[in-house]
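Quick look at what TrEMBL lists:
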type     : residues : note
TRANSMEM : 12-32    : transmembrane segment
TRANSMEM : 61-80    : transmembrane segment
TRANSMEM : 86-104   : transmembrane segment
TRANSMEM : 132-153  : transmembrane segment
TRANSMEM : 180-198  : transmembrane segment
DOMAIN   : 190-310  : domain 'Integral membrane bound transporter'
TRANSMEM : 204-222  : transmembrane segment
TRANSMEM : 229-247  : transmembrane segment
TRANSMEM : 294-312  : transmembrane segment
Amino acid sequence: MSEKTKRISRIILTNTIRFGLILGFVLGFAALFGQTNVLAGVALVVGLLMFPVCDLGLRPGCAALLILALYPICGIVASLPRPGLLAGMLIDFIFVCLLMVLFAEPAMLKPHINFLLCFLFCRSAPVAGRDFILRILGLIAGGTLIAAAMLIFQKRAKNISQRRTLRAQIDLCISNNRAFILRMAIGIALAIAAGEALHLKKSLWITIVVMSLTQPAFCDAVQRIRHRVCATVVGIALFTILFDLLIPQQYATVGILLLGYCGSFTSAYQHVQTVNAVSAITASLVLLDSTTAVWNRVGCLAGGIVIVLLLYTAQRACEPLAAYLRKYICANREQNGFNGDTP
């Protein structure tokens with residue numbers, strides 16, 4: 001067997017095992033904590049694959065406590081009663097700001113995405129009573145598993161004393177990402193409010209678009225917009241061919257699983273979003289007919305893009321004013337300092 005064949009075989013075996021474990025975790029989580037919490041299980045398995053093997057730059061104990069606390073807090077805040085649209089926007093804005101202030105760094109790893117996913121998944125499917133208790137218990141159990149796995153994997157990490165404290169992490173996130181944090185928090189709050197005001201059956205589609213397209217740099221956002229638009233168009237075409245014409249409705253679940261398995265062999269953003277588009281539209285057929293589902297997907301994509309671009313435009317418009325205020329404040333401080341030193 002050639003070296004290339006061995007390498008391909010290892011990749012196939014590794015991806016198959018990983019896909020099987022992910023599927024098993026999500027199905028097991030749903031069996032234990034209820035079908036209404038499937039998406040929470042998805043967020044947890046993403047965290048389980050990410051946090052134990054990523055160096056967050058935080059002291060392990062601090063990182064573990066944050067992980068342990070934030071998952072159930074996401075579930076609790078997502079289920080808080082909202083007395084009105086504006087009050088709901090304020091709650092969502094404050095909580096997203098909190099998540100970003102804690103985990104906007106390291107920027108390359110984007111740890112904030114996992115907690116935002118957990119919050120948005122829970123926010124899109126609010127529960128009460130027994131289902132709420134099961135959700136919080138599931139998030140506590142999942143957070144405990146992730147924190148424990150991270151501590152085990154990183155117990156031999158070097159220079160632990162030189163890693164960031166919680167205070168240093170917050171200072172780093174704020175100093176490097178002020179505008180990014182505000183755009184993410186305002187964008188998600190607006191997207192959730194738009195979904196509720198328009199009574200969208202799949203409001204998650206617009207919030208995920210805003211979360212995904214909001215990037216620190218405008219050029220990255222533009223590139224993602226292009227990729228996401230192309231992926232949605234291709235995804236709709238694949239959905240029409242596969243699930244409207246070829247695969248009978250009773251086999252749709254099998255088709256989604258096979259597509260997801262094929263998608264596990266690539267990490268390219270546009271390819272992942274193509275698979276996500278097909279899977280999301282197919283899964284939504286429980287609530288919507290195919291035509292309505294497709295137009296909802298397109299409409300939510302367009303709405304999310306508009307929100308993201310408006311916030312970038314607002315940021316650029318405010319930059320001259322912000323620069324002037326910073327200059328004025330610095331000059332005022334220098335003047336006060338000079339006067340204070342004068343006898």
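Including glycine, each Cβ sits where the backbone N, Cα and C put it.
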Is the number of Cβ-Cβ pairs under 8 Å between the transmembrane segment (294-312) and the transmembrane segment (180-198) three or more, considering only pairs separated by 6 or more positions? yes
Do any residues, 6 or more residues outside the transmembrane segment (180-198), come within under 8 Å Cβ-to-Cβ of it, and if so which ones? 85, 88-90, 92-94, 96-97, 100-101, 104, 112, 116, 120, 123, 173-174, 204, 206-207, 209-211, 214-216, 303-304, 307-308, 311-312, 315
Per the Cβ under 8 Å criterion, with at least 6 residues separating them from its ends, the transmembrane segment (12-32) contacts 38, 40-42, 44-45, 48-49, 138, 142, 257, 260-261, 264-265
With DSSP as the yardstick, break the domain 'Integral membrane bound transporter' (190-310) down into helix, strand and coil residue counts. 101 helix, 0 strand, 20 coil
